[in-house]
Amino acid sequence: MIRRLTFTGAVPMSCYSNVKARPHPVRTGRSTMREREADVLLDDMKPLTRSPLVDPFGRKISYLRISVTDRCDFRCVYCMSEDMKFLPRKELLTLEELDRIASAFVARGTRKLRLTGGEPLVRRDIMSLFRSLSRHLTSGALDELTLTTNGSLLHRYAAELAGYGVRRINVSIDTLDPDKFREITRRGDLKVVLDGVEAARKAGMRVKINAVALKGVNDDEIEHLMLWSHGLGMDLTLIEVMPMGEIEVGRVDQYLPLSVVRGRLMDKYTLVDDPYRTGGPARYVRVKETGGLVGFITPLTHNFCESCNRVRLTCTGTLYMCLGQEDAADLRAPVRASQDDALLFRAMDEAIARKPKGHDFIIDRRHSGPAVGRHMSVTGG
């Protein structure tokens, strides 16, 4: 359920405010009651400190993922249905509105922004958003600006992205077999994606490969994916299927526990737990024989909720505090209600106060349907 604040016009003084307090007059001797009351009033009018966003469980929100569009030029079998219906364009936030919300999170302590989709690079003029957000890197308010992409347009934009301060990207590649790649994506061209990966590497960006482990589809290729990635100096992150949105096949038929995958790799390689972190949910091991890292994102076999520092903003301005819960907050309304950020900050505070302890993901024969109705392409992968 998306919860909305009711806006009645005037901005309450208890919210963040742009009202500037006048300097206190210099006084000598003891203050009168009227003077002390005036001091209290002036203090109440001062802008409140932009304190960090902290949820009820003490987790500081330092990472915002922004789905800039629900559209994608692929139709991956684990992500969306073949005949996916996309949102009307009129419902989408403008790039300026996305920038404003992202900047509000940066002002409240977010140190990492990741643009996702759908496929983020299909959104018209998306480079203007990267260019604008890069000012937070220049100022030092932001540590990292990055994106997750299917790689189909990366050859076109890699150099420009690097120029805007993008130093690290994730590219989704579930197989290195061209025919199987087209089968999984329903329309993708593996060569184009690999050309994009090479363009990103030439531009100086660190590339990490994301692969969803699919039972009976690519489970026999994971070792090959690892060796290929590590051979090019790229890390590999493996991801369990997540039960989000209705698709043509049951999730239980796709689900491959990464505990099984890890066990298979351990039969041939030496895996050493590594403290490397990127701010996301992956937990890493270093493969002694290759020197590279393999990350495991395991929402089902070993969830990552206890250290969750993330929230997700959709292209319509809906903020999901948890990937695996339906509760959400509407940030579009406060953005469009006022040019002042007081209402937006208040909506953010109320949303983070509702961030749950963990998700509700389950995949088994009794729970073969999606845990949440929305597709990953809507929430942001």
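Glycine is no exception: its Cβ is also placed from the backbone N, Cα and C atoms.
Cross-referencing Cys79, Cys322 with the [4Fe-4S] cluster 2 binding residues that TrEMBL gives (Cys305, Cys308) picks out Cys322.
Of the listed candidates (Lys208, Lys215), TrEMBL assigns Lys208 to the same GTP site as Arg65, Arg114, Thr148, Arg310, Val311, Arg312. Spanning the listed GTP site, residues Arg65, Arg114, Thr148, Lys208, Arg310, Val311, Arg312 have a farthest Cα to Cα distance of 21 Å. Annotation for Arg114 (GTP binding site): same-chain Cβ neighbours under 8 Å, separated by at least 6 residues, are Tyr63, Leu64, Arg65, Ile66, Thr146, Leu147, Thr148. Averaged across the domain 'Radical SAM core' (56-282), pLDDT for the predicted model comes to 94. Closest to Cys79 ([4Fe-4S] cluster 1 binding site) by Cα-Cα distance, out of the binding-site residues Gly118, Cys305, Cys308, Cys322, is Gly118. Rounded to a whole number, the distance between the Cα atoms of Cys308 ([4Fe-4S] cluster 2 binding site) and Tyr78 (S-adenosyl-L-methionine binding site) is 24 Å. Taking the Cα atom of each, Cys72 ([4Fe-4S] cluster 1 binding site) and Ser172 (S-adenosyl-L-methionine binding site) are about 13 angstrom apart.
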